[in-house]
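Per TrEMBL, these features apply:
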DOMAIN    B:105-293  domain 'ABC transmembrane type-1'
REGION    B:1-31  region 'Disordered'
TRANSMEM  B:42-63  transmembrane segment
TRANSMEM  B:104-130  transmembrane segment
TRANSMEM  B:142-160  transmembrane segment
TRANSMEM  B:166-184  transmembrane segment
TRANSMEM  B:219-244  transmembrane segment
TRANSMEM  B:272-296  transmembrane segment
Amino acid sequence: MKYLLQRIAFYLFTAWAAITLNFFIPRLVPGDPVQALIAKFQGQLSTQATQSLYVLFGLDKDKSVWQEYLDYWGQLFHGDLGLSFTFFPTPVSEIISDSLPWTLLLVGITTIISFFLGTGLGVLAGWRRGSWTDGLLPVTTFLSSVPYFWLGIIAIYLLTGPDSFFPSSGGFDNGLVPAFDQYFIPSAIRHSVLPALTILISSVSGWILSMRNMMVTVSSEDYITVAHAKGLSDRRVAMSYAARNALLPNVSGFALSLGFIVGGTLLVEIVFSYPGIGFQLFQALGAQDYPLMQGVFLIITISVLVANLIADVAYLLLDPRTRKEG
Amino acid sequence: MTIPTSSIEQVIPGQGSMAQPETGKPAKAKRQRFRFVSNKKAATGLVMLAVYVLLAIIGPWVAPYDPDARSNALIQPPSGDHWLGTTHLGQDVFSQLLIGTRSVMLVGFFAGTIATVLSVLIGVTAGYLGGKTDEGLSALSNVFLVIPALPLIIIITSTLQNAEDWLIALVIGLTSWSWNARVLRAQTLSLRRRDFVDASRATGEKTWRVIVFELMPNLTAVIASGFIGTVIFAVLSEITLAFIGVTSSSTWNWGTILFWAQGQQALAQEAWWWFIPAGLAIALLGTALSLINFGIDEFVSPRLRSAGKTKIKTIDGRTVRMRIGFTPVLSNSPEPHTHATPVLPAATPVVKKEVTS
């Protein structure tokens, strides 16, 4: 319990750091970015938007930085992330809450599948060293070096087309309205197969590799020799003795690498024009929509923190040593 | 605030593999230096990397065309004139690729250097000094570890507007040191109570001298593998930034090529020569760096080396699979497995049949 409380305190601290960072980044922009933006939009910005821009960039002369910082927190607690320029006057929080489920489903499910698949293959590769499984390593090394988005481009190039089963972009067929019915759900699944496969292929290799290395390390422990000596079946030794212990570092690695994975998957969404957070970020970048960018960053960070907390709970359940009271 | 350190020993997922602190004994005598190169994986990786470095240096001189020069040959497939075809403006893709190499390598190595220096400063200091300093520095690196780096880099670079290469490298370097710092801290913790460190402290050496001359040589392999890992990350990040179009469009790198290919519907026009070479260049560079890292890992902990031939036939025609660290057991042996038979230490595999029959 003490362990969990410590972790929660740490995540709260990290969230505070991320939010503070988010507050200060726009204030680093040299010159007068608001004038540049007004010039860029050529009168399409309303006075209200201009005012909120000045506040965002910290150019509001009437307030001290400290006062602005407090206001920023006040807004956050009301769930107010400002107004988006690109979809003016839609609030950023609304755009994010529309696109978040897409990302959570796509990235969440594929990451979990990738973790279990990779760990399973890694157990095999580590345990049966010297067999065909060694051939997995060069292949996975190559695949893990390929940028996610490029793999997506190749997948679109090779597998989509006018008469292909796979659509090349979007999250569902045009003309359908998002709803839980028999038309929308199959369409959404069909659109998510290719992005999901892309993420799966490029992220699975990392798990294979780390699990293999842990298995190799664990295999030479004394308790494995003892298990063999007791005459236990090979499978039992591999699963209940070696894999069980090799899994622990992989679970905490899972938590730590989520940040990397999420970064990569955002790009897959961009390539496939998948209506998730990453695609919103991309559109925000193109339009220099700072409120939306910052909102997306904040929501990604918070999601990663929550996922980390879940992984910590899993770790707690898997490793009895952390459960010790005191 | 105390951060539990139970998970120090993990291998980094996603980015190749890192040195494993708990098995790592990086101390190696100098005369064994060339053993690293004799590792097949490391040698392959080093040769591939050398080719890239060479191209980065001579690229702008050997490129057949100016990468920005337009011509009338629009979207041409590869030919004698244009080895990798042309773009929508008639620019030569091969020249763009060659000239882009320099920017990619510069950003990769510059960011890698910044991150390595930071991680050594923070990780080794935290591990060696301990106490409150350690807690503070560990909390700092854990915060940077958990915040998703790529979105942060994207936000910062887009705020800076049309950032040049060195600025991008700086941003990447400043945000991606935390993993190495964590690994180095763990490794330093295991080193700092060794006899030779105590001895040098007892002879009155200053703290900085103990760190630089006693600890650092023993951390070389960990630092090197961390550096390579960061270079991979930096290269991928830079290309990503260029691909989504937030960096300066005046310099060419492989991401810029992909940015134009994507923006100009290269896919719909079946212009495979426009986006496949750039992606392959990235993947091969990443593979080269990962191979070097595997080499370092296997150098540090020999157990990870791939085993050679493992199937052995016994005299009566049975096949036994030999594995490092295991005592082979003949599964079709008539004896029940529950017998308590003497098993020799793991390091010297013995065919069990000799014992039972």
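The backbone N, Cα and C atoms fix where each Cβ goes, and this holds for glycine too.
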Considering the transmembrane segment (B:219-244), which listed stretch of B:42-63, B:166-184, B:272-296 counts the most C-beta pairs under 8 Å: B:166-184
Intrachain residues whose Cβ lies under 8 Å of the transmembrane segment (B:272-296), provided they are six or more past its termini: 16-19, 36, 39, 41-46, 48-49, 52, 75, 77-78, 84-85, 87, 93-94, 97, 100-101, 104, 221, 224-225, 228-229, 231-232, 235-236, 239, 254-255, 257-258, 260-262, 266, 304
Distant-in-sequence neighbours of the transmembrane segment (B:142-160), which means Cβ under 8 A and at least six residues beyond its ends: 3, 167-168, 171-172, 175-179, 182, 233, 237, 240-241, 244, 246-247
